[in-house]
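Step one of this worksheet: look at the structure below.
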Amino acid sequence: MNALAATNRNFKLAARLLGLDAKLEKSLLIPFREIKVECTIPKDNGSLASFIGFRVQHDNARGPMKGGIRYHPEVDLDEVNALAQLMTWKTAIANIPYGGAKGGIGCNPGELSISELERLTRVFTQKIHDLIGIHTDVPAPDMGTNAQTMAWILDEYSKFHGYSPAVVTGKPIDLGGSLGREAATGRGVLFATEALLKEYGMDISGQRFAIQGYGNVGSWAAQLIHEKGGKIIAVSDITGAIKNGKGIDIPSLLKHVKENHGVQGFTNADPIDPNSILVEDCDILIPAALGGVINRENANEIKAKFIIEAANHPTDPEADEILSKKGAVILPDIYANSGGVTVSYFEWVQNIQGFMWNEEKVNNELRTYMTRSFKDVKEMCKTHNCDLRMGAFTLGLNRVARATLLRGWEA
């Protein structure tokens, strides 16, 4: 099941639990606006290249729409639609005043030079500048984009609208980016895991973790979990996978990854098959890479008691059912990886106020938001007698539905 089908399925189940009427349900599902633009740029060799850019603005009942822009060869409208809809529910669960959006350009950023990426970003911004804005739609980095991409968008947008640092988040610190933003999603995963374990009278210390994906989210989660006494026994990324039953030395691994661009070849751990990382014997599994990695083929073999979804849509609905029958507890992506968008909100607030926070304040506020959201999700679980995924979906959907009705937007 692809991401859009799975998201729609979860939406429909949550709508049924909440008893939403059919008209409201339909209006909540339909995107506010879908944008598709052609971006033609001169390449460094003088030839012209055309790329297709997308922006799906899903819902703005609770505030400006918010979501990343990804540069990836497989960006398509279905995927962007699913991710935009997920952002609507994610921002509502985090209780930050945003709706959902997502965008992307179908390109391979690894095959483009820095100057070609800059030209592509600026042309894309020129095509959509009237449709984004501080109080309309606030983009952020995603797969294949970074703080520099956001700096180019900010500069291009400002040519039309005056200097507007709050139009994007995830910016460089020197252009109004927030301290703590880089580590935010990984730190949010730590706070989410702590909140879940507390329910079971446990804490991070001494738990055995396996982490699939060692990019920004996975590496920060590993570092912070390690600092709290958690034992990271297995890690994988696109270069390979490693394991050490006694616990991997994370500071040494971070140094190795920085120097060698991957975990492969790390000496203080044994190499293993990357496909086996998900079924390693551990207490807590953190998929922090791609979607759809936990499916009916491998769900029966997963040994972890807790699964923290740091990636978007890592677990197929069929795997969900298999794992819940086994008694595994899944902390869903729309809550577990919301640390990034929460600190993006803090960045936006700081830009609008023109008053920047220190890193301690950012991290303390993030802990408050993540802990409060978990309590809210648990309340919905009790009310509707459902698992954490449905608890999160009903919470988000209920908040958006209430805002929609209060604004008089029901069909």
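Just so you know, glycine gets a Cβ as well, placed from its N, Cα and C.
No curator has checked TrEMBL annotations; they are predicted automatically.
Going by TrEMBL, these are the annotated features:
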- LYS66, LYS90, SER344: substrate binding site (BINDING)
- LYS102: active site, proton donor (ACT_SITE)
- ASP142: site 'Important for catalysis' (SITE)
- THR185, ASN216: NAD(+) binding site (BINDING)
Rounded inter-Cα distance in Å - LYS90 (substrate binding site), THR185 (NAD(+) binding site): 13
Other residues, Cβ within 8 Å of LYS66, LYS90, SER344 Cβ centroid (substrate site): GLY67, MET87, THR91, ALA94, ILE96, TYR98, GLY100, ALA140, SER338, GLY340, VAL341, THR342, TYR345
Residue pair LYS66 (substrate binding site), LYS102 (active site, proton donor) - Cα distance, angstrom, rounded: 7
Recorded substrate site residues LYS66, LYS90, SER344, farthest C-alpha pair in Å: 13
Which of THR185, ASN216, SER344, the listed binding-site residues, has fewest other Cβ atoms within 10 Å: ASN216
Nearest recorded site to the residue listed as 'active site, proton donor' by CA-CA distance, among recorded positions ASP142, THR185, SER344: ASP142
Between SER344 (substrate binding site) and THR185 (NAD(+) binding site): CA-CA distance (Å): 10
Cα-Cα distance linking ASN216 (NAD(+) binding site) and SER344 (substrate binding site), given in Å to the nearest integer: 15
Other C-beta atoms that fall within 10 angstroms of the C-beta of LYS90 (substrate binding site): 28
Integer Cα-Cα distance in angstrom, ASP142 (site 'Important for catalysis') to ASN216 (NAD(+) binding site): 11
